[in-house]
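Trainee: I'd like to ask you about the structure that follows.
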Protein chains: 2
Amino acid sequence: MAIGEFDLIRRYFRPLAGEGAFDLTDDAAILQLGPGEELVVTADMVAAGVHFLPDDPADTIARKALRVNLSDVASKGAKPAGYIMTVAFPRDVEEGWIAEFCRGLAEDQREFDTRLLGGDTIGIASGLTVSITAFGKVPAGEMVHRFGGRPGDRLYVSGEIGCGAAGLRLLLGETILGPLPPAARQRLIGRYRVPQPRTALAEAVRACASAAMDVSDGLIGDCDKLVAASGCGAVIHADSVPLDPDLVTVAKDDSVLAALLTGGDDYEILAAVPPEDEERFRFMAARAGIAVTRIGELVEEAGAVEVLRGGRPMDLARRSYDHGRT
Amino acid sequence: MAIGEFDLIRRYFRPLAGEGAFDLTDDAAILQLGPGEELVVTADMVAAGVHFLPDDPADTIARKALRVNLSDVASKGAKPAGYIMTVAFPRDVEEGWIAEFCRGLAEDQREFDTRLLGGDTIGIASGLTVSITAFGKVPAGEMVHRFGGRPGDRLYVSGEIGCGAAGLRLLLGETILGPLPPAARQRLIGRYRVPQPRTALAEAVRACASAAMDVSDGLIGDCDKLVAASGCGAVIHADSVPLDPDLVTVAKDDSVLAALLTGGDDYEILAAVPPEDEERFRFMAARAGIAVTRIGELVEEAGAVEVLRGGRPMDLARRSYDHGRT
């Protein structure tokens with residue numbers, strides 16, 4: 001396109017810049033912490049053909065790039081505190097596309113109370129890659145880890161599992177889900193393109209969870225990681241896992257349910273909550289307006305996540321979706 | 001390649017992880033600040049065919065990606081405090097290539113006393129993109145900005161200008177530099193592939209500079225940005241600009257000197273130093289082992305950088321090299 005990097009930044013990115021970004025006119029931003037605060041730092045990169053489809057709307061690509069990072073921040077019990085973004089645009093990108101991309105970011109900045117701190121844009125021959133480093137603040141020592149879960153802790157997830165994976169399958173024209181009402185199709189595709197980070201749940205996670213992570217590569221495979229870090233095992237009751245209402249019937253088929261439990265792109269929070277904190281966790285989640293569902297518990301047997309349906313182990317051909325497989 | 005993201009991280013990236021990174025086994029890292037410290041945050045993305053050539057050695061690509069960011073940190077007067085890296089690898093990358101890439105990072109982490117805090121790797125169809133967000137620490141309020149320079153301040157640059165641009169021209173087979181000794185060719189190509197961040201100069205910059213930035217898009221164009229932010233102008237004495245000894249003769253030609261002054265990929269520090277701090281700046285730079293050269297001064301006339309050679313204005317067809325032009 002005809003616009004250079006400097007005009008691009010001035011016209012479209014500068015309006016997104018917040019406190020500490022110096023209007024994107026310096027080489028660096030400044031982040032300050034209050035007394036007793038620590039900074040949580042996380043990064044995810046998304047690319048065309050890997051995390052979104054090349055012809056997805058520009059604003060949804062931007063929002064997904066930001067939201068997958070906000071999801072990590074929330075799962076650590078942290079409050080959003082700005083982000084750095086680097087983007088490799090195809091050289092023939094149109095200015096209107098970038099305007100839409102930035103409009104999506106502006107909307108999400110308002111919704112999740114965060115701000116652009118800086119970054120970089122480059123032009124490449126083809127493809128589109130967005131890398132975001134997101135910051136969050138927590139009181140010192142209170143970041144919630146993947147480790148820390150103990151046998152007996154209850155396993156909870158926020159929202160619904162499998163919507164993003166279902167949306168991707170619909171976009172790819174796969175038929176495993178059978179016919180669905182048009183409204184359900186649109187809703188599931190929307191969940192794939194624009195996940196819902198559980199920022200409002202961060203306080204409950206920090207106050208009550210012994211361990212937590214966001215579910216991005218599939219519930220079962222991610223639970224494997226949580227129990228590996230925590231040195232214990234887990235039992236997941238597959239029939240308890242919350243699903244989109246329009247998927248409940250088709251998910252009676254084991255292979256469909258397995259696809260939803262291992263498909264990734266959920267960006268929900270998986271949290272282990274000690275029994276004595278369970279009531280408070282449910283109360284705080286309800287107050288935050290986020291549905292949470294108990295789906296199992298941590299057990300002694302180290303390293304194993306058993307998935308039961310009707311009391312019998314489910315046969316899972318795979319446990320996660322590997323976005324990063326190279 | 002045959003290795004998945006998780007094994008890739010475990011085998012090659014985990015050994016790079018430092019304090020606060022939790023061995024790359026969590027969703028986020030933790031950064032702490034001492035009392036009265038602030039965090040300087042900067043990010044640069046580099047891509048094949050834009051900042052390096054696709055067949056450049058893997059270790060030099062990694063080192064350049066890290067060093068261009070360390071250069072920004074140093075130019076703000078900050079001490080390195082870790083970095084986040086996201087990489088989009090081509091799916092057919094070989095494991096040995098990644099091993100070399102990480103070896104380069106490990107060497108530079110030791111040289112510049114920094115550490116990997118976290119990140120993400122993804123596989124894409126083709127191309128290679130590396131995005132790094134680098135952190136630095138400064139005493140609160142002491143980050144050096146592009147603004148802050150005042151008429152009368154002396155303009156200094158570290159090292160030599162034009163080596164990176166010369167190296168790129170040699171790699172591209174351009175003949176503007178004429179014949180050069182093989183050792184000079186190798187040195188200049190090396191400067192393009194592996195720039196030298198002036199981390200050791202950060203303390204002098206912080207103590208003495210009224211404004212500073214790193215020179216990445218060409219000395220003249222970057223000086224334009226410094227004076228625009230500072231609300232003044234500058235005069236640069238082109239004959240004072242330090243050059244590689246093997247380029248001095250060929251740079252007697254105005255068009256060659258112009259190419260070196262506007263070519264980019266220097267990653268040297270441009271600093272404005274008030275007259276009363278000049279002696280201390282030179283002393284601190286010498287103690288740090290970094291050559292600094294006075295190349296001009298800031299003047300009243302806002303927004304104009306005049307480049308004089310033999311007392312007459314040089315004719316510059318362009319003022320900078322736009323890596324990001326899309």
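Just so it is clear, glycine is given a Cβ too, placed from its N, Cα and C backbone atoms.
Residues or ranges marked as domain 'PurM-like N-terminal' in TrEMBL: B:26-138. Sequence annotations record features per position, and here TrEMBL assigns Mg(2+) 3 binding site to B:ASP27, B:ASP72, B:ASP214. The Mg(2+) 4 binding site annotation in TrEMBL covers B:ASP27, B:THR42, B:ASP72. Per TrEMBL, the feature Mg(2+) 1 binding site maps to B:ASP44, B:ASP120. Taken from TrEMBL, the feature Mg(2+) 2 binding site applies to B:ASP44, B:ASP72. For B:HIS51, B:ASP265, B:TYR321, the entry in TrEMBL reads substrate binding site. Under the heading ATP binding site, TrEMBL lists B:GLY119, B:ASP120, B:ARG146, B:SER216. The annotation domain 'PurM-like C-terminal' is assigned in TrEMBL to B:150-303. What TrEMBL lists as Mg(2+) 5 binding site is B:ASP217.
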Trainee: Give the residue counts of the domain 'PurM-like N-terminal' (B:26-138) per reduced DSSP state, in the order helix, strand, coil.
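Mentor: Breakdown, helix to coil: 36 helix, 47 strand, 30 coil.
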Trainee: Chain A proximity: which binding-site residues among B:SER216, B:ASP217, B:TYR321 have CB distances under 8 Å? Answer 'none' if there are none.
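Mentor: Listed binding-site residues meeting the cut-off: none at all.
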Trainee: The domain 'PurM-like N-terminal' (B:26-138): mean pLDDT?
Mentor: 95
Trainee: Just checking a number: largest C-alpha distance across B:GLY119, B:ASP120, B:ARG146, B:SER216 for the ATP site, rounded to a whole Å.
Mentor: 31
Trainee: Out of B:ASP27, B:ASP120, B:ASP214, B:ASP265, give me whichever of these binding-site residues has the highest number of other Cβ atoms within 10 Å.
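Mentor: Per the Cβ count within 10 Å, the most buried is B:ASP214.
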Trainee: Check the DSSP secondary structure of B:ASP214 (Mg(2+) 3 binding site), expressed as helix, strand or coil.
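Mentor: Assignment for B:ASP214 (Mg(2+) 3 binding site) reads strand.
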Trainee: Which of the three DSSP-derived classes (helix, strand, coil) applies to B:ASP265 (substrate binding site)?
Mentor: coil
Trainee: Restricting the comparison to the binding-site residues B:ASP44, B:HIS51, B:ASP120, which residue's C-alpha is spatially nearest the C-alpha of B:ARG146 (ATP binding site)?
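Mentor: The answer is B:ASP44.
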Trainee: For the binding-site residues B:THR42, B:SER216, which one has its C-beta crowded by the most other C-beta atoms within 10 angstroms?
Mentor: B:THR42
Trainee: For B:ARG146 (ATP binding site), just count the other CB atoms lying within 10 A of its CB, please.
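Mentor: B:ARG146 (ATP binding site) is surrounded by 24 other Cβ atoms within 10 Å.
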Trainee: Rounded to the nearest angstrom, how far is the Cα of B:ASP44 (Mg(2+) 1 binding site) from the Cα of B:HIS51 (substrate binding site)?
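Mentor: Per the Cα atoms, B:HIS51 (substrate binding site) and B:ASP44 (Mg(2+) 1 binding site) stand 11 Å apart.
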Trainee: Can you check which residue among the binding-site residues B:ASP72, B:ASP217, B:TYR321 has the largest number of Cβ atoms within 10 Å of its own?
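Mentor: Its Cβ has the most other Cβ atoms within 10 Å: B:ASP72.
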Trainee: Neighbour count, 10 Å Cβ-Cβ cut-off, for B:ASP44 (Mg(2+) 1 binding site): what number do you get?
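Mentor: Its Cβ shell of radius 10 Å holds 27 other Cβ atoms.
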Trainee: Which entry in the list of binding-site residues, B:HIS51, B:GLY119, has its Cβ near the fewest other Cβ atoms, using 10 Å as the limit?
Mentor: B:HIS51
Trainee: Roughly how many Å lie between the Cα atoms of B:THR42 (Mg(2+) 4 binding site) and B:ASP72 (Mg(2+) 3 binding site), rounded to a whole value?
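Mentor: Distance (Cα to Cα, whole Å): 7 Å.
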